[in-house]
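If you look up TrEMBL, you'll see 45-121 marked as domain 'TECR-like N-terminal'. The domain '3-oxo-5-alpha-steroid 4-dehydrogenase C-terminal' annotation in TrEMBL covers 196-349. Marked as transmembrane segment by TrEMBL: 126-146, 205-225, 237-256, 277-299, 305-323.
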Amino acid sequence: MDALALEATGGKKKANGATVAAPLPAQAPVKRKPAKKAKKAVVFFEVEILDAKTKDKLCFLDKVEPNATIGEIKSMFHKSHPQWYPARQSIRLDPKGKSLKDEDVLQHLPVGTTATFYFRDLGAQISWVTVFLTEYTGPLVIYLMFYFRVPFIYSPKYDFTTSKHWVVHLACMCHSFHYVKRLLETLFVHRFSHGTMPLRNIFKNCTYYWGFAAWMAYYINHPLYTPPIYGEQQIRIALIIFLFCQIGNFSIHIALRNLRPPGSKTRKIPYPTKNPFTWIFLLVSCPNYTYELGSWLGFTLMTQCLPVAFFTLVGFIQMTVWAKGKHRSYLKEFRDYPPLRSPILPFIL
């Protein structure tokens, strides 16, 4: 009867004269598709490059992507001006400002969508490896020419003769070892943050290294050369100092190399390693220069030669300038840089 009553009343059931609606079946909730996110429109940059001296427009680059680097912009500029390859270019925000780094990104620079850069020609460039190999090969060969007393250096009667003093032979071995070490480090150890330097620097560097090598070698290998005042004891102490500092210098170069992955320009704070020769990093920012100075002090003590002492002094002045510059850059770049460190000499300089 109930079923028939429901059919008769169209799905409704009468009770006490009242009509009651039958419950409807439950429906599954409708899943709504998430709205598609609107793609952000890429804002391209317009880049104009002016001559830093004349302010003349050299190049206009249209539709440059915002994530383009200065290195990529240099490559674009090179296409329109083939005579200025990227290594020769200095791109800057101000005509007299500092050069921008190749890894700087366009959209992160303080420029609008129409960016203006200034170009300065750095001149012909040469790789650091070539410069180092040239300036280090010279002293090695020049010193050996004086050591073997080739003709036209001393009196003809001394041609191809050898010194009777063993310290002269020891000095030749130490000098040769030093520059062979430098050549091998250039080929297999050093990682350069900059690939090139101005071509004119090779002439300046070679004049310095080659000239001093000839001056020192002339007196050390001279037939009238006299050994150090304190004899063998002085020579042995000097040799220990020289070898100790050579090992220390090499250890620092290895430690610095391990801080920079191949092909990168990453800079990190150098810290001491398990190698005891690197513990000097606790007190000095550039211990490679500290050890280099110690090596030449040892060589000066060994030979007791005035030109060697003068070369050591000039080298110390130049290395101090480099060390102070690097120390300042460390302090500027790293807020947590160890405050106890000095540039080249602990607690002094």
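Using N, Cα and C of the backbone, Cβ positions are placed for all residues, glycine too.
Those TrEMBL annotations? Automatic predictions, nothing curated.
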> Within the domain 'TECR-like N-terminal' (45-121), how many residues are helix, strand or coil going by DSSP?
Replying inline: 17 helix, 29 strand, 31 coil
> So what's the average pLDDT for the domain '3-oxo-5-alpha-steroid 4-dehydrogenase C-terminal' (196-349)?
Replying inline: 94
